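A.B. asks: Take a look at this one; I'll ask things after.
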Amino acid sequence: MLINKAYKFRLYPSKEQEIFIAKTIGCSRFVFNRFLGQWNDTYQETGKGLTYNACSAELTQLKKEFVWLKEVDSIALQSSLKNLADSFTRFFKKQNKAPRFKSKKNQVQSYTTKETNSNMAIVDNKIKLPKLGYVRLAKSREVEGRILSATVRRNPSGKFFVSIVVETDVQPLKKTESSIGIDLGITDFAVLSDGRKIDNNKFTSKMEKKLKREQRKLSRRALHAKNKGIHLFDAKNYQKQKRRVARLHERVMNQRDDFLHKLSTDIIKNHDVICIEDLNTKGMLRNHKLAKSISDVSWSAFVSKLEYKAKWYGKTIVKISRWYPSSQICSECGHQDGKKSLEIRDWTCPIFDKHHDRDINASQNILAEGLRTFHTA
Ligand SMILES: [Zn+2]
């Protein structure tokens, strides 16, 4: 099966390349904003928007007027236009809000370029990008497949990243004849029906504490500048702290993503049928007790990784109803023991005196219920 796969790497451009990246981002933004303005005007006058093709033809003219547009990667400018047209399409389908003007002050600055005539390639620890040539990157894993596009980003911390989308052929994984149930843990990230408890990635929680501390410091510095009548833009200590917070935030996000990737791959590799609860995260987030643990560990990001990997590798995800009382039923005898509040971590079934760890028992019920619906489906 041909699939699209995304990779993200840190990029280490030379000073010269940095300038070029900044130029390309600026020109992409210019093109986006200019056509967005025209699009809005035309819509107001005629009740109809523009088309990508019309804009694209005009872009050619525009380059004669603003010759500096010719200096940068032309495909990046085209894809900026394409991005605008796509946003309008989604807007008219009521899938998102109307596109907004891009600002120099946006947190993340980026441009996207697409594959044409092998203009991109990865050679050793470098990526070849149009107009930039070879840029050094921190390649943490091998990139397999044909590159379709690359997005170059500059983060608020001043770091550069590249996200690469490739088309690659994946083969279904060998069947293992094994199934597993997963319970969303409260104290643990996930509890598996084989008795494993996946802990809440201690590194991440340590980093998050640190992040919160630094964020408080940032607010203090903002207040300090305000009291002194200094504009935040000129407040050196505030700006320094802001970059520090951005760097930490990035590290937390990367760590978490890495953790979720490894865990989902491990589960998909070792099991054919994976049973999980169909959680309405929105509903759960309204419950404050659960809110923190869920948002912290990105359960929904984990489920989506499981889902697409299952599709790639020929495995099955079975979602059971979130109303199924997985923590009330004894997985041994089926006795339903009634509602249990979140503090109750273990209990004993009165029928055969079986002692249960709350979450392991729940994951075993999820597995049984998942297999039941899977076989009757
Ligand atoms: Zn029992």
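Cβ atoms here come from the backbone N, Cα and C positions, even for glycine.
Because TrEMBL annotations are produced automatically, they should be read as predictions rather than curated entries.
According to TrEMBL, the protein has these features:
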DOMAIN    1-48  domain 'Transposase putative helix-turn-helix'
DOMAIN    163-287  domain 'Probable transposase IS891/IS1136/IS1341'
COILED    208-258  coiled coil
DOMAIN    299-366  domain 'Cas12f1-like TNB'
A.B. asks: Can you count helix, strand and coil residues in the domain 'Cas12f1-like TNB' (299-366) using DSSP?
C.D. replies: 24 helix, 15 strand, 29 coil
A.B. asks: Tell me, roughly as an integer, the mean pLDDT over the domain 'Cas12f1-like TNB' (299-366).
C.D. replies: 93
A.B. asks: Tally the residues of the domain 'Probable transposase IS891/IS1136/IS1341' (163-287) by DSSP class, grouping H, G and I as helix, E and B as strand, and everything else as coil.
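C.D. replies: Once the DSSP states are binned, the domain 'Probable transposase IS891/IS1136/IS1341' (163-287) shows 70 helix, 23 strand, 32 coil.
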